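Student: There's a structure below that I have some questions on.
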Amino acid sequence: MPQKKLLQKLLAGEDFSQEEMILCMNNIMDGLFSEMVIAALLALLQKKGVTPTETAGAYYSLMEKAVTIELDENAVDTCGTGGDHAGTFNISTTASIIANSAGVRIAKHGNRSVTSSCGSADVLEALGFTIDLPPEATKELFQESGFAFLFAPLYHPSMKRVAPVRRELGIRTIFNILGPLINPARAKRQLVGVFNRELMELYTEVLLQTGARRAMIVHAMTAEGIALDEPSLNGPTHIVEIHRGTVTEHTVYPEDFGLARHSLSEIQGGERDENARIIRQILDGSAPAAHRDAALFTTAMACYVSGKARCIDDGLDIAREALESGKSEKKFNEILKINAELSRKYRSVVN
């Protein structure tokens, strides 16, 4: 289908079939469409509203072109859409560190900041972690520690074709939705935070289509009326849970798990160095209660998604024990040491 027909279909407000979306995305990623055409397609898709079928089609196209890595399908990815503009510190990254120290295998897919002051790649780098290890080094790190960070540009090189267009457009597009879905390790267990409650249904359908084994899709609100793509410490957290094809929905509050309420301002972060300092304080036990509780709440959900915890309450106990025993700080320091050794090893091979 030529670009003109694709554009005409979107102008008429019609949805693409999965096959049409695969064709469209293949042409974009293979450089067969000009930047002007790509911009028009992305803007029209966004105006019409992206469907689960279109998202699944884009997923299949991008995963076909991705540099995939074989780790462990049962590893957990903690990844959010971003875009909530709440300015919280890197909670899901912190949770991945604590969960890993509790025995959860982590395959975290992430990138530098897009909508926030500090993305997962930025804060890990500030903590001393080499984010751009080659895949074979990342595999070694995972085998030794059960932790992997998958830096998106390394595994999705074709995405560089759309980066200038996305920057120039300056609006959310289908690519903002795709980020949490296109984990190059094909992780089948995911904790996904979304900035808009309407996206929960879309993610549910796409995760079911693409074979998620267990997933939690989370959207929350603060008492101040701010939307969050992570659990809330002072308002409702809406959850859609997927487990072997079965979908359940529920809403929880921090006090359901014995957590105190904290205002949004208490869990807001800043630039990469500030957020790295917050994570270090959480790990060494010197953090304020709000920072600690935000990390524990998300970690509890990651432990539950992994199957290590029977429920969120159980996950909270597991997370708290790992953190308060010093296990989390010790394990993360071990990860940093292995990461540095692998960075030196593979740099010397390249040189």
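Yeah, the Cβs are placed from backbone N, Cα and C, and that goes for glycine too.
The shown structure was predicted, so the numbers you read here are calculated from the model rather than taken from an experiment.
Quick paste from Swiss-Prot:
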BINDING   Gly80, 83-84, Thr88, 90-93, 108-116, Ser120  5-phospho-alpha-D-ribose 1-diphosphate binding site
BINDING   Gly80, Asn111  anthranilate 1 binding site
BINDING   Ser92, Glu230  Mg(2+) 1 binding site
BINDING   Arg166  anthranilate 2 binding site
BINDING   Asp229, Glu230  Mg(2+) 2 binding site
Student: Sequence gap of 6 or more, Cβ distance under 8 Å: name the residues on the same chain that satisfy this around the residue listed as 'anthranilate 2 binding site', in order along the sequence.
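Tutor: Leu42, Thr173, Phe175 - these are the non-local Cβ neighbours of the residue listed as 'anthranilate 2 binding site', listed in sequence order.
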Student: Which one of these binding-site residues has the most other Cβ atoms within 10 Å of its own Cβ: His109, Arg112?
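Tutor: Counting Cβ neighbours within 10 Å, the top one is His109.
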Student: Drop a 10 Å sphere on every Cβ of the binding-site residues Thr88, Ser92 and tell me which sphere holds the fewest other Cβ atoms.
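Tutor: Each of the binding-site residues Thr88, Ser92 was scored; lowest Cβ tally within 10 Å is Thr88.
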Student: What does the structure give for the C-alpha distance between Ser92 (5-phospho-alpha-D-ribose 1-diphosphate binding site) and Glu230 (Mg(2+) 1 binding site)? Integer Å is fine.
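Tutor: Per the Cα atoms, Ser92 (5-phospho-alpha-D-ribose 1-diphosphate binding site) and Glu230 (Mg(2+) 1 binding site) stand 8 Å apart.
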Student: Quick check: in three-state DSSP terms, what is Arg112 (5-phospho-alpha-D-ribose 1-diphosphate binding site)?
Tutor: coil
Student: Non-local Cβ contacts of Asn111 (anthranilate 1 binding site) (under 8 Å, 6 or more apart, same chain)?
Tutor: Gly119, Ser120, Ala121, Phe151, Ala152, Pro153, Gly179
Student: Measuring Cα to Cα, tell me the gap between Gly80 (5-phospho-alpha-D-ribose 1-diphosphate binding site) and Asp229 (Mg(2+) 2 binding site) in whole angstrom.
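Tutor: Cα-Cα distance, Gly80 (5-phospho-alpha-D-ribose 1-diphosphate binding site) to Asp229 (Mg(2+) 2 binding site): 6 Å.
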